[in-house]
């Protein structure tokens, strides 16, 4: 188990400069892939499962092809084995020519066991033994790296969103930390999405289902979308609702929230909600938010 004193290490990172190098390592199941994905979203060039002996070559290649200002993140795991000595030497000597930050992710053994079992994957060091045996070996192999880490994050009590927030707090800038908005369509007859922050009901709009030529189509088809958006009530709704969402989104960012889910429903989740989801996603994207639209119940009827 990680000690309390180490897991409470400050998460304050020294002032960052262009061309930073972040090295992510830590325990299997502690969230390395999640951290890497967030760093990629923050503009880092990410290399996963890199043998430390190739670190200088990767930095040189990125410098030559993308410029020295391109931040780089590399993920190194226990499968690199004895190469860890090379990594420590490179970081200690500044051999890459970049300011390097070493991030170590860990969690309590019982949490790591649950995560690995849920993923149905063996531990790379467990061999023919138990999963816990692999974790014990891994802690031993990584002990020195953990001691050298600039940032230790204990993910025992963190979910995916909370871990990405921690990474963004450490390595993001106002220009790179953006609110991620998901707009999801659904059918009320299948239930409201449980993770929705906002729910809007489109059943006040005329239903294309009752128009024979539109019935087999969906809200992603231009004919259906045009029909829905041509309704005066649809325009009134958008003009009133989207500014509210923009105001809330700005508040979310001020409060450190980085995810917002907006659910748009109609009877079956095929016509009205789908068209409105696409339009709201488009408008929020034009307002500068990172948006994606998804249609939970499309094709379910």
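Our numbering is plain: 1 for the first residue shown, then up by one each step along the chain.
Quick reminder: no glycine exception, Cβ is built from N, Cα and C everywhere.
What Swiss-Prot says about this protein:
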- 26, 27, 28, 29, 30, 31, 32, 33: ATP binding site (BINDING)
- 77, 78, 79, 80: GTP binding site (BINDING)
Env. residues of ATP site, Cβ within 8 Å of mean position of 26, 27, 28, 29, 30, 31, 32, 33 Cβ: 77, 105, 106, 107, 112, 155
Secondary structure at residue 77 (GTP binding site), reduced by DSSP to three states: coil
Neighbourhood of residue 78 (GTP binding site), C-beta criterion under 8 angstroms, separation at least six: 28, 124, 125, 138, 141, 142
Of 29, 77 (the binding-site residues), the residue whose Cβ has the fewest other Cβ atoms within 10 Å: 77
Residue 77 (GTP binding site) and residue 26 (ATP binding site), Cα-Cα, nearest whole angstrom: 7
Rounded to the nearest Å - Cα separation of residue 33 (ATP binding site) and residue 77 (GTP binding site): 11
Which of 28, 33, the listed binding-site residues, has fewest other Cβ atoms within 10 Å: 33
